[in-house]
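A.B. asks: Feature list, courtesy of TrEMBL:
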{"type": "TRANSMEM", "residues": "29-50", "note": "transmembrane segment"}
{"type": "BINDING", "residues": "LYS68, MET69, LYS70, THR182, ASN292, PHE293, ARG294, LYS311", "note": "ATP binding site"}
{"type": "DISULFID", "residues": "CYS116-CYS161", "note": "disulfide bond"}
{"type": "DISULFID", "residues": "CYS125-CYS148", "note": "disulfide bond"}
{"type": "DISULFID", "residues": "CYS131-CYS155", "note": "disulfide bond"}
{"type": "CARBOHYD", "residues": "ASN180", "note": "N-linked glycosylation site"}
{"type": "DISULFID", "residues": "CYS213-CYS223", "note": "disulfide bond"}
{"type": "DISULFID", "residues": "CYS257-CYS266", "note": "disulfide bond"}
{"type": "TRANSMEM", "residues": "336-359", "note": "transmembrane segment"}
Amino acid sequence: MKSQITNALSDFFFEYETPRQVLVRNRRVGVVCRLIQLGVLAYIIGWVFIYEKGYQSTDTAVSSVFTKMKGVGYTNVSGRETVWDVADYVFPSQGDASFVVMTNFIITEGQKMGTCPELPGKHTCSSNADCKGGSFKRTGHGQMTGVCVNATKTCEVLTWCPVEDDTYIPDPPLLISAENYTLFIKNSVNFPLFGVKRSNLVEGIDGLYISKCLYDPADAPLCPIFKLGDIVKLSGFSFEKIAKEGGAIGIVVDWTCNLDVHIKHCKPEYSFHGLYGNANEMDEVRTSMGYNFRYAKHYIENGVSKRTLLKVFGIRFDIIVKSLARKFDIIPTLTAIGSGVGIFGVATVVCDLVLLYLLPKREFYKNMKFKYTDTEVQNPDSEAGSMETER
């Protein structure tokens, strides 16, 4: 046992293997080898260099987005005429990359702090025992006083009165005119690795052009002014349908640039995506559809603090900048070439397996490929596969 361990250690430390080239004249093996090498070559050229651009280094951009809305809306609710401008229907008003345009609303005017009953059919009661004073219900409007109002059979609450009734959503949407509003997008990107700065106001887009253009995928793909109705339509939705209860639209500004060509070819591409759900899905199968929020306008009337509450239904726009710049770099080029050359070794491994284990003459090829020796001085005239021992 000891001698076997010693021999194993001796073989490990004092033996050396060296490759031996054997020319095999076999058509099947030769065809397999060339086919594998052609496949590897196609992978290196087609995938690594042409598709993945393995000869270029990449960088993503640092970007900023500025937006501005324009348009005026008109409503006539219960005989009250109102004109809505940008300050009224855009939230927030700072021109962020994410904002909401109001398209519909439910208004509750003249609310003041006091006690009033909940809406009929909501938190019903038969006696005061059903309305625990000082407690709240998740879907209620305020703090229960412990009184059951017989007229409505609902609990009395301390809240802003009268309570909001949002059972009916106006249809058609009150601000359906928002379809004709326009959105101006100003986007700047900086690729720090390459020292390149670009704006979506590229060459040829000046003040005169902007004053007349309106984005169109075919006729004006670089115009930075968009009609809201076109945005919704290009995202796959109906404006009237999404305006009723609100939704979300993603506007993607794609900067994919090849900086090996002239910088003027680095231009943005716009695409629009509905983040509201499936445009073909029926309303009845949706849960909690739409987008809405509430905000209040507070004021003082005859010394009493009051507010006007609006439940706003709107379209949320999220402007997403997607960027990738590429430029030739010798380091990734050499890395790609080196890895490709290494993959060529796959052909040798596969052909060796075929020769040594699958062909009928595998023993003959094995003897031709391997030579064993225990001697320090080898007889150069010995045949392949022989073993000499120095005496």
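Here the Cβ of each residue, glycine as well, is placed from N, Cα and C on the backbone.
Would you situate these features in the structure and describe their surroundings?
C.D. replies: Around THR182 (ATP binding site), taking its Cβ as the centre, 16 other Cβ atoms fall within 10 Å, counting all chains.
Long-range C-beta contacts of CYS116 (disulfide bond), restricted to its own chain and to partners at least six residues apart, with a cutoff below 8 Å, comprise GLU156, VAL157, THR159, CYS161, PRO162, VAL163.
A 10 Å cutoff on Cβ-Cβ distances gives CYS223 (disulfide bond) a total of 19 other Cβ atoms nearby, all chains included.
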A.B. asks: Apart from its near flanks, which chain residues at least 6 from the ends of the transmembrane segment (29-50) lie with a Cβ under 8 angstroms of it?
C.D. replies: 336-337, 339-340, 343-344, 346-348, 350-351, 354-355, 359
A.B. asks: Identify which of the disulfide-bonded residues CYS131, CYS161 has its Cβ surrounded by the largest number of other Cβ atoms within 10 Å, counting every protein chain shown.
C.D. replies: CYS131
A.B. asks: How long is the line from the C-alpha of PHE293 (ATP binding site) to the C-alpha of CYS125 (disulfide bond), rounded to the nearest angstrom?
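C.D. replies: It is 29 Å, counting Cα to Cα.
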A.B. asks: Taking the Cβ of ARG294 (ATP binding site) as the centre, how many other Cβ atoms fall within a 10 Å radius?
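C.D. replies: A 10 Å sphere around the Cβ of ARG294 (ATP binding site) contains 13 other Cβ atoms.
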A.B. asks: With the ATP site defined by the record as LYS68, MET69, LYS70, THR182, ASN292, PHE293, ARG294, LYS311, how many Å span the farthest pair of C-alpha atoms?
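C.D. replies: Overall maximum Cα spacing for these binding residues reaches 24 Å.
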A.B. asks: Taking only the binding-site residues LYS70, THR182, ASN292, ARG294, LYS311, which one has a CA atom nearest to the CA atom of CYS223 (disulfide bond)?
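C.D. replies: Nearest by Cα distance to CYS223 (disulfide bond): THR182.
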A.B. asks: Just to verify a number: CA distance, LYS311 (ATP binding site) to CYS125 (disulfide bond), in angstrom, no decimals.
C.D. replies: 27
